[in-house]
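Colleague: Input: one structure, supplied below.
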Amino acid sequence: MTDSKYPGLLERFIKYAKVETRSDDQSKTVPSSPKETAFLKQLAAELTELGLENVRIHPQNSYLLATIPANIDRPVPVMGLLAHVDTADFNAENVNPQVVEDYDGQSDIPLGDSGYKLTIDEFPSLKKYAGQTLVTTDGTTLLGADDKAGVAEIITLAAYLKEHPEIKHGQIQIGLGPDEEIGTGADHFDVKDFGADFAYTIDGGPLGELEDETFNAAQAEIDIQGKDVHTGTAKDTMVNAIQVGIDLQNQLPVHDRPEKTADREGFYHLYKFDGTVDHARLVYLIRDHDKKLFEARKEALRAIVRDLNANLGEDRISLNLYDQYYNLKDALKGHEDVVELAKKAMEDLGIKPDIYPVRGGTDGSTISYLGLPTPNLFAGGENMHSRFEYVSVQTMEKAVDVLLKMIALNAEE
């Protein structure tokens, strides 16, 4: 296997990727899947073996917590490093990573025997990785670089610091959490117990990503109660719940969809629609960077439901609308130095920081609103949440480089 400047990094990542930890948005437990619990226990044993202190799984939020003690004789702000262990809502059984060494930057990459390929035409980002080692899927599952790349990078950092005591640093807190992909992982994060002054999630994408702004996010769950009667006698009697759902969807702006928007444009995303004539259920994601536009989107959906119920003559449509997280940038006001530290670390290493409003969210969004400023750093993954996911080993190495540089800068007088 490819030699790495950080021994064990690639091996760790592949080992972690093979463990199924898909979170379950229908579960009411924490973590949502027992497989996450098993993996967290596996990682706890690894951190204990590396000599980290106070290794434990938090009894309420199931975060795996650990401390790298300071080796410097003066006060230094405590840095936190966070990642999540669950993977997204895509097949994660029997993940079989493929290692492509010295990729030429121009060829298509077959994904095992699945018949799928990573093609230059469809994924031009591949051109950036000429001469690098890529880890891909075999075409049947996702890879899980989101966020097991981040997990591997943090644990590799811990191992490297153990082997290099000459690197002076303050106390570092590590937190590896569940259920980020279903939006609940950080809901019960205990900032006081974690004990950091500032933190970073290592959960971003390609080299240089530094995210200090996210969407505001809400979810809308809509249930429609129809009335099913024989089609031969349906006139003025039948209420087709499926058709009501279609009518509702058609009242939303056609261009306010993920596939029609970019940059700071918000959207409504209908990502589940199940139904019969008798009952239908629609689930929407509502997203916008601008708080006022976010609130307006929610009110527009409420108004559509009210109008449809009025037209039906009775309340056949119920709406459960709730916020999921808020724009990270608002919570980071007054803590710009946390972003600047990461930016300077990248610049000192010759990496161009790529700072832009991310079209998504991170656990750092929630954690920042709980009082711990937590921007997001790149972990390396491309095409996440899909069979076309891949990651560059060299980008993962540079993620560790950046963490080491940040630690050094934080320890400077």
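Glycine residues also receive a Cβ, built from the backbone N, Cα and C atoms like all the rest.
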Colleague: Quick check: of Asp138, Asp146, Asp256, which does Swiss-Prot put in the same Zn(2+) 1 site as His84, Asp203?
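Modeller: My reading of Swiss-Prot gives Asp146 as the candidate in that site.
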Colleague: Counting other Cβ atoms within 10 Å of each residue's Cβ, which of the recorded positions Asp86, Glu180, Glu181, Asp203 comes out lowest?
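Modeller: Result for the recorded positions Asp86, Glu180, Glu181, Asp203: minimum number of other Cβ atoms within 10 Å at Glu181.
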Colleague: Cβ neighbours within 10 Å, counted over all protein chains: which one of the binding-site residues His84, His385 has the most?
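Modeller: When each Cβ's neighbours within 10 Å are tallied, His84 tops the list.
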Colleague: Based on DSSP, name the secondary structure state of Asp146 (Zn(2+) 1 binding site): helix, strand or coil.
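Modeller: Reduced to three states, the DSSP call for Asp146 (Zn(2+) 1 binding site) is helix.
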Colleague: Using DSSP and three states only, what is Asp203 (Zn(2+) 1 binding site)?
Modeller: strand
